């Protein structure tokens, strides 16, 4: 029965994901118009869909807890140390409690970061909120607000991670990593010699799979803090690096522009996506940016601890050094 349900779920997911490319053919056309466009693409309709992933993970988590205490614990209890038996209930509750707190706490603490003139520009108004966009912020169509010091919209929490809930997010992430890694390592060591009951094997596969995912994601977050950037800013830096590789990013008197070659010659545009004006730089001594060393990340303090403090401490001063001498 469980295998049939899994096969059905995988089939439906495949039909939905393939629908955009094969929408000219039935049944993909039905999945595209009825499911993909109305449920997935439209951010305002069927908002219950955003709770599907948290509900799925909550169900898996609850199933693992039931499997452990209902089927597995009796098999491995003798192999557990006494302190483990005392700590396990708290260790099981902590990730769930931290996750609920992170999901319920909005990222709404204002930030006063400086505009670097490359990724973020002053004078830009959010087209949805109709307010001035702070530097390092991002508008989330799912949450319906601009998020200060925005990192990403976490589908597992159905909440944006940003200034105001970084601490709870990191706490939930750390608690999950600790519990899942412990379980993935400890279950095989505590398994009865010479046999693996079906429940124990199922629990080990689930715990180990989620442990790998959780540890990988934690490592990416640690790397972002080290580099003084967010997931949102990392995506912007990828676009900047692509412009450098193509030789289209130029600078003049501390400002950055894109050089675009077309049928009418070369035109220059601001790196501000909201500024659609063309700039006359043909006779100006502009320089082509060819190395990331020419455009340092002004939001990176150079200290992992200070970068982390900017996220965790609502009173921390956001790094305000500006690019000079460009």
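The backbone N, Cα and C atoms fix where each Cβ goes, and this holds for glycine too.
Summed and averaged per residue, pLDDT over the domain 'DHHC' (124-174) gives 93. Residues or ranges marked as domain 'DHHC' by Swiss-Prot: 124-174.
The topological domain 'Cytoplasmic' annotation in Swiss-Prot covers 23-49 (among others).
The feature topological domain 'Lumenal' is assigned by Swiss-Prot to 71-85 (among others), with sequence analysis given as support.
Residues or ranges marked as topological domain 'Cytoplasmic' in Swiss-Prot (evidence: sequence analysis): 107-164 (among others).
Taken from Swiss-Prot, the feature topological domain 'Lumenal' applies to 186-198 (among others). According to DSSP, the secondary structure content of the topological domain 'Lumenal' (186-198) in residues is 6 helix, 0 strand, 7 coil.
Per Swiss-Prot, topological domain 'Cytoplasmic' is recorded for 220-326 (among others).
Residues or ranges marked as transmembrane segment in Swiss-Prot: 2-22 (among others).
Sequence-distant contacts of the transmembrane segment (50-70) (same chain, six or more residues past either end, CB-CB distance under 8 Å): 92, 95-96, 103, 142, 155-158, 199, 202-203, 206-207, 210. Positions annotated as transmembrane segment by Swiss-Prot: 50-70 (among others).
Residues or ranges marked as transmembrane segment in Swiss-Prot: 86-106 (among others).
Annotation comment: Swiss-Prot describes 165-185 (among others) as transmembrane segment, evidence class sequence analysis.
What Swiss-Prot records for 199-219 (among others) is transmembrane segment, and it gives sequence analysis as the kind of evidence. Proximity of distant same-chain residues to the transmembrane segment (199-219), defined by a Cβ-Cβ separation under 8 Å and at least 6 residues beyond the stretch ends, is recorded for 60, 63-64, 67-68, 71-72, 75-76, 173-174, 176-177, 180-181, 183-184, 187-188, 191.
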Inset, instruction - With DSSP as the reference, give the number of residues of the topological domain 'Cytoplasmic' (107-164) in helix, strand and coil. - result: 0 helix, 14 strand, 44 coil
Legend entry - Positions whose Cβ lies under 8 angstroms from the topological domain 'Lumenal' (186-198), at least six residues beyond its ends: 71-72, 75-76, 79-80, 84, 204, 207
